[in-house]
Amino acid sequence: MGLVVGTFSVQSKPVNFHKDNADDDFEMTVVCHRPEGLDKLEAQTNFNKRELQVLYRGFKNECPSGAVNEDTFKQIYSQFFPHGDKWTDKCYASTYAHYLFNAFDTGHTGSIKFEDFVTALSILLRGSVTEKLQWTFNLYDINRDGYINKEEMMDIVRAIYDMMGKFTYPVLKTDAPKQHVDAFFQKMDKNRDGVVTLDEFILSCQEDENIMRSLQLFENVI
């Protein structure tokens, strides 16, 4: 779950929303390009108006056009994982960013708007356990058929290992992704039908203490 966060200007340090009045006035002046329906976004997410304004300013700083295409998204995301797979003729900086982009682009429009970004961020940072796990399930369900098969899980896990690069300690073995997938799939595929359903995914994650702890890592990011 922690790998999902870190995009754009949202970093793993708390943002202080309780500044003095002068700073507040300055911030309100800077944030002049507000997305339409700020009240609606406040109602639909777990952020208040001030938090939405600060997030929007960060989004606009990185994406002046107000939307992010996949190539730009990958370039931004690769800055957070510089030791992962590099730009080549055949692949982008992070294959994982491709899957992450698709998860943020819920409307399949080929771009991520602020509304898409903040809705997903609200779930990942302040959503319920079930909401976070549902979002993560959709990330793994690459073909959107409502199930996760072993090939889909392998694609995501391999992309994560590639993104982390060769600078982890201890150094990961080349067959680590397969071992990881085999172990998790064995645990999650309760009825042994070769696929993992949403219910199986949620139940298995709730039974795993490490996964449950990881869901809480970014609760106080902003």
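For all residues, glycine too, the Cβ spot is worked out from N, Cα and C.
Note that TrEMBL annotation is computational and uncurated.
The domain 'EF-hand' feature in TrEMBL is assigned to 92-127, 128-163, 176-211.
Residues 1, 129-130, 133-134, 136-137, 140, 146-150, 153-154, 157-158, 161 of the same chain lie 6 or more positions beyond the ends of the domain 'EF-hand' (176-211) yet place their CB under 8 Å from a CB of it.
Per-class residue totals from DSSP over the domain 'EF-hand' (92-127), listed helix then strand then coil: 23 helix, 3 strand, 10 coil. Residue counts of the domain 'EF-hand' (128-163) by helix, strand and coil are 26 helix, 2 strand, 8 coil (DSSP-based). Looking just at the domain 'EF-hand' (128-163), the mean pLDDT is 93.
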